[in-house]
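*Asks:* Feature list, courtesy of TrEMBL:
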DOMAIN    B:18-139  domain 'Cyclic nucleotide-binding'
DOMAIN    B:172-229  domain 'CBS'
DOMAIN    B:237-296  domain 'CBS'
């Protein structure tokens with residue numbers, strides 16, 4: 001696709017994508033406690049960004065330290081490709097008794113939920129890649145949101161002498177270190193909530209060290 | 001749409017009251033609207049004086065401390081909410097500002113439950129309402145808030161130490177006086193004055209209550225000339241009447257009266273106006289039933305002429321205590337109450353025994369309570385530990401005087417036993433010649449224990465140093481205290497012995513933070529809450545009280561409160577000790593009531609995880625106070 005095509009295609013973008021992009025115009029940073037964050041997680045059929053597909057997306061949003069249960073996102077996607085071996089990890093069956101939606105609908109719901117706000121994920125690169133790949137399949141651009149990776153943030157919050165490059169800083173490890181209850185681990189929404197709590201706990205620690213500013217959080 | 005988080009919230013809250021008595025569909029409605037709040041250690045959820053929130057709260061993880069801040073800015077811990085505990089209930093009951101401050105004791109996650117949603121699904125659920133009222137009373141009650149008047153629920157809060165509402169069934173007047181629909185007001189008034197009553201119920205042919213006429217109706221409608229005296233009762237009666245079933249509780253009855261601002265409730269067969277009238281519950285009846293409370297029992301005790309009456313009164317108190325524990329009335333309150341009752345019983349028992357003696361006591365004396373009664377911490381019936389101290393007499397009168405008091409002691413010990421306080425196995429009772437002594441003898445006895453401490457002396461001192469006067473001349477015991485403190489000034493060794501004794505009970509938790517259970521015997525694998533958790537706190541409090549020369553403060557939690565006052569730098573530790581002591585006593589008493597024993601041994605496996613957590617939390621101050629003792633009295637190498 002050439003540069004020219006992009007400009008041509010822009011006119012045909014669905015309305016929700018245009019709406020989504022509009023959130024990034026003239027966006028200013030509010031203070032951290034007044035900023036809306038979205039912690040999210042995806043469950044996928046595997047780790048190959050091209051081959052594998054998203055099974056479900058879970059997201060929770062919060063401003064300050066309060067997460068509203070009635071404003072969470074939980075999407076289950078219809079699958080063309082079904083890999084039996086992933087059922088074991090995620091417990092998601094093809095015929096599971098939940099309402100499933102198409103990728104197109106999922107993208108729309110996800111974008112409407114996240115708006116232009118800051119996204120938080122654990123090992124964010126993977127989730128970001130999977131979503132972007134999905135957007136690409138539907139002829140849309142990449143996510144524009146700023147990302148915070150809880151794994152990276154946690155590592156950075158440690159004193160340099162305690163940082164360990166060989167340690168994976170998995171979500172399980174962080175839960176143990178930060179004493180976050182592991183409920184519904186390996187479901188998208190469960191992991192999203194855990195990620196949100198992990199993030200809030202790291203923020204609490206940063207606040208004590210007076211590191212709570214955007215430059216630090218976004219590593220600018 | 002599926003909401004997994006709401007389901008997980010639901011999975012958690014459904015295990016705890018009040019949510020465990022809400023129907024699943026309704027509960028899910030609540031769970032879906034909950035907010036999850038993360039609190040860092042020291043973050044406050046609300047502060048005293050903050051305007052009320054639209055939510056009340058349940059601790060999910062961690063612990064939230066509820067403080068009362070008094071005018072001079074001192075903080076008093078009212079309660080610590082662990083996982084599954086609700087708090088911040090004030091907005092549910094009254095739309096007024098918070099009276100307490102809720103601060104995270106450690107990193108915590110809290111569920112905020114929206115009040116409008118909660119109320120819309122629970123308003124008809126009596127169980128939920130009852131729980132909330134009790135929980136509210138527990139979380140907020142303290143001597144400061146009790147002084148408020150004119151609040152809706154003031155009747156549900158204990159407003160003096162003797163006036164705690166219970167949920168017993170109301171005692172209404174049966175066979176109420178009635179008149180028919182077509183009788184004249186004059187006839188009705190004549191009937192009222194004949195029966196000396198303040199109200200009359202107007203009934204129809206089937207004896208269903210239709211209306212009510214009270215003294216004030218006659219005053220307002222007849223005496224003012226608005227209606228002639230011969231008018232028909234139907235013209236001036238208040239109709240319809242408010243009715244209720246016969247098993248109405250005092251609290252409910254009172255609530256109905258407040259709600260409808262009336263002074264009389266008609267009790268009917270099925271509780272509606274369309275059934276037979278069987279009685280009337282008046283405001284006066286409510287007051288009388290409320291009168292069936294500790295102050296009435298105390299009066300009964302004070303007027304008792306026979307041991308049998310004392311026993312009955314003490315048993316009544318026992319039942320009352322059980323219901324208070326079930327209702328979660330604060331333990332410090334129950335302890336104070338029971339101390340008062342036990343002291344009154346002993347006092348009266350001595351009084352009755354004196355009447356039986358052939359002559360008046362030859363000299364002044366005092367009856368002392370020792371051990372747990374001396375510390376005023378006796379909740380259920382336990383052994384009696386007591387002693388007599390009498391004024392010094394010339395040597396030639398000593399024998400005679402001592403015999404008089406021994407005879408008296410025999411009578412008192414016997415009647416206390418009859419009342420329900422069993423004889424002490426170690427014979428630490430006033431009837432034992434060893435524990436019936438003159439002031440000088442007692443002084444020498446204590447001096448001996450203090451100056452020549454050995455195993456036996458330390459064992460005895462743990463009982464005898466907690467003496468308090470129950471009957472007789474307090475100057476005697478006070479002079480004894482003075483003498484003890486004077487002797488304590490001469491030596492540090494005694495404190496070391498006491499310190500070692502306080503440390504001899506090993507920590508309740510092992511190296512791997514597991515509960516240390518009994519290794520053998522009948523109680524194998526049971527956890528001894530008394531020796532491992534309560535005794536260390538009691539012993540430490542006694543030692544610190546003695547070394548700080550505090551006089552007249554006997555109960556363990558009050559000792560810690562006093563210590564917190566005297567040593568501001570250790571305030572936090574002492575306050576947590578005071579709290580831990582109360583929490584552990586409650587634990588023990590509740591276990592005791594549950595298994596019908598002293599509650600001393602606990603099967604850890606039967607406790608829920610939350611209960612275990614609560615227990616563990618109480619152990620922290622025990623370790624800390626033991627470390628403090630080790631340092632202060634230099635016990636490290638003192639074996």
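Backbone N, Cα and C atoms are what each Cβ position is placed from, and that goes for glycine too.
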*Asks:* Are there 3 or more C-beta pairs under 8 Å linking the domain 'CBS' (B:237-296) with the domain 'CBS' (B:172-229), counting only pairs at least 6 apart in sequence?
*Replies:* yes
*Asks:* Quick one: DSSP breakdown of the domain 'Cyclic nucleotide-binding' (B:18-139) into helix, strand and coil?
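*Replies:* Residue counts for the domain 'Cyclic nucleotide-binding' (B:18-139) by secondary structure: 37 helix, 41 strand, 44 coil.
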*Asks:* Using DSSP, what is the helix/strand/coil residue split across the domain 'CBS' (B:172-229)?
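*Replies:* Summed by class, the stretch gives 18 helix, 17 strand, 23 coil.
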*Asks:* Which residue counts does DSSP give the domain 'CBS' (B:237-296) for helix, strand and coil?
*Replies:* 22 helix, 15 strand, 23 coil
